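Input: a single structure, listed below in structure tokens.
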Amino acid sequence: MKILSILLIALVICSISICTEAFGLIDVKCSASRECWVACKKVTGSGQGKCQNNQCRCY
């Protein structure tokens, strides 16, 4: 039972770190969200993104 709980905690921690690395700010300057769509598509494979504080954020 102790090993199962340790494995579960390790799985949660790894999942959180993978999700936070996969999405986020990329080094592309922008003034409108449409400028981020192509850049996000190239970086993450998904065209979902928005301009936030003059920097693209991909989802």
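Heads up, the Cβ atoms here are built off N, Cα and C, so glycines get one too.
If you go by Swiss-Prot, Cys56 shares a disulfide bond with Cys36, out of Cys19, Cys36. Swiss-Prot records a disulfide bond between Cys58 and Cys40, which is the match among Cys40, Cys51. A 10 Å radius around the C-alpha of Cys58 (disulfide bond) takes in these recorded positions out of Cys30, Cys36, Lys50, in sequence order: Cys36, Lys50. Long-range Cβ contacts of Cys30 (disulfide bond) within its own chain (separation 6+, distance under 8 Å): Cys36, Cys51, Asn54, Gln55, Cys56.
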